[in-house]
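Here is what TrEMBL says about this protein:
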TRANSMEM  6-26  transmembrane segment
TRANSMEM  38-59  transmembrane segment
TRANSMEM  65-89  transmembrane segment
TRANSMEM  119-141  transmembrane segment
TRANSMEM  224-241  transmembrane segment
TRANSMEM  248-275  transmembrane segment
TRANSMEM  287-308  transmembrane segment
TRANSMEM  342-360  transmembrane segment
TRANSMEM  372-395  transmembrane segment
Amino acid sequence: KVHLYFSVFVADLLVYIPAVILYCFSLKETSTKKKASICALCILLYPGLILIDHGHFQYPLSLGFALWGVLYLSYDWDLLGSVAFCLALNYKQMELYHSLPFFCYLLGKCFKKGLKGKGLVLLTKIAGTVVVSFAVCWLPFCTDMEQIMQVLRRLFPIDRGLFEACMFSSPPPRLANIWCSLSVLIKIKNIVSPQTQLKLSFAVTFLSLLPTCIKLTVQPSLRGLKFALVSCALSFFLFSFQVHEKSILLVSVPVCLIINEIPFMATWFLLVSTFSMLPLLLKDGLLLAYTVTTLAFLSVCVASFSIFEKTSAEDLQLKPLSLSLKGYVSWFKSFPKIVRSLFLLSVTLMGVLSLMSAAVHPPQRLPDLFPVSVSVISCLHFLLFLVYFNVVILWDAKNSRSQKKIS
């Protein structure tokens with residue numbers, strides 16, 4: 001495995017880490033080098049990616065190229081951003097989680113410029129760039145149609161069913177998405193045909209991400225793109241067909257991009273995302289590394305961002321919602337205290353369950369008690385986070401329209 005570890009190190013050093021550092025130093029919110037360095041440190045200390053890269057060697061290049069895509073778009077270098085994301089997508093097909101936000105942002109930008117003028121020119125350039133990028137990546141496979149079909153079958157092994165069998169050593173599933181969590185109570189695979197499973201997961205995923213995509217197309221902005229990357233990727237993780245537990249990294253890295261904007265919720269999400277992979281991490285013998293990296297990450301975020309002081313509705317980007325509900329919901333006055341209490345309860349629960357998973361033998365009748373508990377608890381967290389991110393996106397859009405009308 002030496003050459004694999006070396007390849008991950010090189011990918012981190014040449015692609016992922018430079019993208020994170022340049023992104024943090026490009027932010028308007030990080031006005032000083034110290035703030036930018038702190039932001040970069042918190043992102044690079046995210047334990048989920050560190051721990052998965054220790055043994056699975058899959059994500060630094062694809063996520064790094066996706067970050068480069070966001071970075072290029074932040075400078076209005078749309079063609080370079082398109083190339084970077086095409087490289088990410090062709091390196092790992094799971095980057096489809098991020099494809100709709102990139103597409104909607106660029107399409108919305110073309111609409112904004114006008115499709116009878118500059119917008120049409122930009123759209124043509126982007127389309128040409130994407131076609132050429134894909135052609136170059138697929139050129140080695142284009143000698144034979146059967147070879148192309150074989151690659152596609154390997155990329156999208158639909159025949160494996162709603163749950164990828166290789167993920168689990170024994171039933172029930174150990175994945176923190178909605179289908180696996182529901183399967184604890186309802187054996188979906190036994191009552192719904194594979195084709196129906198595929199259609200159902202597609203429909204639910206599409207409907208869950210549709211509002212965010214419409215908003216981003218109508219009101220394209222870099223901030224909207226970052227939040228849409230989080231929301232859409234989380235929708236894919238929770239509802240799409242054949243998800244792997246490691247796919248939560250595709251949600252977590254976009255969350256890292258907004259850690260400076262909502263440090264409290266971002267830190268909370270990143271802790272939960274690492275916890276959701278606990279069964280896999282224990283299987284890989286990474287209990288000590290999991291404990292150390294998680295505590296280090298939490299300590300740095302608390303010290304750097306003072307997250308417990310940033311729990312007001314305004315800090316959590318929920319002020320437009322609170323203004324809309326003023327007079328109807330009385331508990332918004334004690335909202336910061338409620339959020340902090342929920343966070344502490346959540347962290348305590350994750351800590352206790354982590355300890356029990358590592359040190360306590362489950363009952364013989366329930367051998368999967370702890371892995372299933374981790375999955376279900378993580379799934380409930382992710383559903384609440386999905387609601388939260390969509391509220392932030394949609395209420396922000398409503399607030400922006402109101403401001404435009406006033407102006």
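Just so you know, glycine gets a Cβ as well, placed from its N, Cα and C.
TrEMBL labels come from automatic prediction, so no person has curated them.
The stretch with the most CB contacts under 8 Å to the transmembrane segment (372-395), chosen from 65-89, 119-141, 248-275, 287-308, is 248-275. Sequence-distant contacts of the transmembrane segment (119-141) (same chain, at least 6 residues past either end, Cβ-Cβ under 8 Å): 78-79, 82-83, 86-87, 90, 106-107, 109-113, 147-148, 151. Proximity of distant same-chain residues to the transmembrane segment (6-26), defined by a Cβ-Cβ separation under 8 Å and at least 6 residues beyond the stretch ends, is recorded for 33, 36-37, 39-40, 43-44, 53, 57, 60-61, 63-65, 67-68, 70-71, 74-75, 256-257, 260. Long-range Cβ contacts of the transmembrane segment (287-308) within its own chain (Cβ-Cβ under 8 Å, at least 6 residues beyond either end) map to 38-39, 41-42, 45-47, 50-51, 54, 259-260, 263-264, 267, 270-271, 274-275, 278, 281, 340, 347, 354, 358. Only residues 6 or more beyond the boundaries of the transmembrane segment (224-241), in the same chain, are considered here, and those with a CB under 8 A from a CB of the stretch are 70, 73, 96-98, 100-102, 104-105, 158, 162, 177-179, 197-198, 201-202, 204-205, 208-209, 212-213, 215-216, 247-248, 250-251, 254-255, 257-258, 379, 382-383, 385-386, 389-390, 392-393, 396-397.
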